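Shown next, in structure tokens, is the structure this report addresses.
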Amino acid sequence: MTSEDRPVTSTLFDRIGLLYTGDRAREEIEDAALVVEDGEVVWVGPAGAAPDADERVDVSGRCVIPGFVDSHAHLVFAGDRTAEFVARMTGRPYTAGGIRTTVSATRAASDAELVTRTATLVAEMLSQGTTTVEIKSGYGLTVDDERRSLEIARGFTEETTYLGAHVVPPDASSADEYVRTVTGEMLEACAPHARWVDVFCERGAFDADQSREILLAGVKAGLLPRIHANQLGEGPGARIAAEVGAASADHCTHLSDDDVSALASAGVVATLLPGAEFSTRSPYPDARRLLDAGVTVALATDCNPGSSFTSSMPFCVALAVREMRMTPLEAIRAATYGGARALRRGDVGTLRVGSSGDLVILDTPTYVHLAYRPGVPLVTQVWKRGRRLV
Ligand code: NIG
Ligand code: FE
């Protein structure tokens with residue numbers, strides 16, 4: 001084989017103006033270089049000192065960050081809730097009830113339609129720098145529709161989440177009966193296709209006892225727990241997350257001091273979803289309070305047709321800085337390393353030796369521009385496992 005037709009296995013990213021590594025030991029490196037080989041980062045250091053590689057990408061002084069880790073998204077659905085959004089913008093409050101509209105549309109959709117729609121959203125995410133995404137079920141709410149939602153999600157990510165407990169569907173004979181299905185027949189059908197179990201613990205959805213029962217049944221079936229907690233008001237969700245050892249409590253918009261301490265001492269990640277507050281015109285979560293208490297914070301889109309129809313992590317970073325008093329450094333950390341922690345992944349969300357070669361080249365000298373220049377498409381290249389995808 002001649003050198004011309006040898007497959008490219010290593011890539012040197014040279015002349016990186018600012019490298020955000022996500023590695024707390026050496027979080028930012030100016031004038032850096034990085035080598036990815038066989039899909040993994042094998043070298044990080046100063047520009048000009050890197051070992052040879054099969055190909056060289058001249059980053060020309062721009063900023064490189066790890067691919068975003070969007071650890072909370074609901075992508076398998078049909079239909080749209082434009083009218084509900086318009087009504088909200090004229091003062092109607094957001095409630096969990098709207099989920100049922102999407103459930104009807106999703107049940108009526110063919111597998112092919114759901115696959116195409118999910119693929120479109122995943123592609124949207126990738127073009128905005130997201131290289132790892134978690135995808136939940138939760139708009140089927142029958143044994144077959146939940147299972148097919150997860151099968152479809154599995155075609156796009158390993159991070160699939162069983163959310164049969166999104167709301168009690170209107171055709172269930174009672175809430176108790178539905179919880180029995182969620183923890184029984186539906187769980188059995190879904191567990192082989194899921195890594196996580198989730199529950200919407202909220203007024204209008206599932207209460208403390210039901211949520212605990214659902215998460216523990218999932219754990220017994222081999223799934224890892226995470227939870228929708230304290231989105232619409234104070235409630236038991238965050239404390240249940242601590243109690244069952246959830247990887248993450250998501251939303252965390254209304255927390256008591258005890259909730260914050262419980263998350264901190266149990267090492268539960270608080271995943272904040274500012275797209276939901278933006279789209280429901282609600283007060284944002286208090287990120288400062290969580291950070292000051294030592295809680296690891298993640299940022300995610302919550303992409304879904306009801307409360308947050310955005311696929312953009314850069315938008316969430318901008319909101320976190322502008323509306324949640326996170327510094328740009330804290331926000332980029334939460335969108336990469338934080339998301340990886342929320343998914344208990346050590347291989348993504350960072351760019352250090354051994355990390356997956358998932359990276360984004362921004363057309364800016366620093367990641368600060370993600371907040372400073374909101375709404376501007378700053379992602380110019382996206383690489384996953386050492387291959388350029390955008
Ligand atoms: O995370 N909170 C529950 N689920 C979604 C909303 C789903 C919907 O309104 O369709 C959320 O915000
Ligand atoms: Fe959600």
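Keep in mind that glycine also has a Cβ here, set from the backbone N, Cα and C atoms.
For the N-formimidoyl-L-glutamate site, TrEMBL records Asn304, Gly306, and the single candidate of Tyr139, Tyr162 listed with them is Tyr139. For the Fe(3+) site, TrEMBL gives His72, His74, His228; the one candidate out of Asp145, Asp302, Asp347 that the record lists there too is Asp302.
Residues Tyr139, His166, Gln231, Ser307 are given by TrEMBL as 4-imidazolone-5-propanoate binders; from Arg62, Arg81, Arg373, Arg385, that same site also lists Arg81. In this structure, the binding-site residues that sit close to ligand 2, with a C-beta under 6 angstroms from any of its atoms, are Asp302, chosen from Arg81, His166, Asp302, Gly306, Ser307. Taking a Cβ cut-off of under 6 Å from any atom of ligand 1, the binding-site residues His72, Arg81, His228, Asn304, Gly306 reduce to His228, Asn304, Gly306. Nearest neighbour of His228 (Zn(2+) binding site) by Cα distance, taken over the binding-site residues Tyr139, His166, Asn304, Gly306, Ser307: His166. Around the Cβ of Gly306 (N-formimidoyl-L-glutamate binding site), a 10 Å sphere holds 25 further Cβ atoms from the protein chains shown.
Helix, strand and coil residue tallies for the domain 'Amidohydrolase-related' (247-387), in that order: 53 helix, 26 strand, 62 coil [DSSP]. Neighbouring residues of the recorded Zn(2+) site, listed in sequence order and excluding His72, His74, His228, Asp302, comprise Ala73, Lys136, Asp250, His251, Leu273, Ala276, Ala300, Cys303, Asn304, Ser308 (Cβ within 8 Å of the Cβ centroid). In sequence order, Ala73, His74, Leu75, Phe77, Thr102 are the residues of the chain that are 6 or more apart from Asn304 (N-formimidoyl-L-glutamate binding site) and have a CB within less than 8 Å of its CB.
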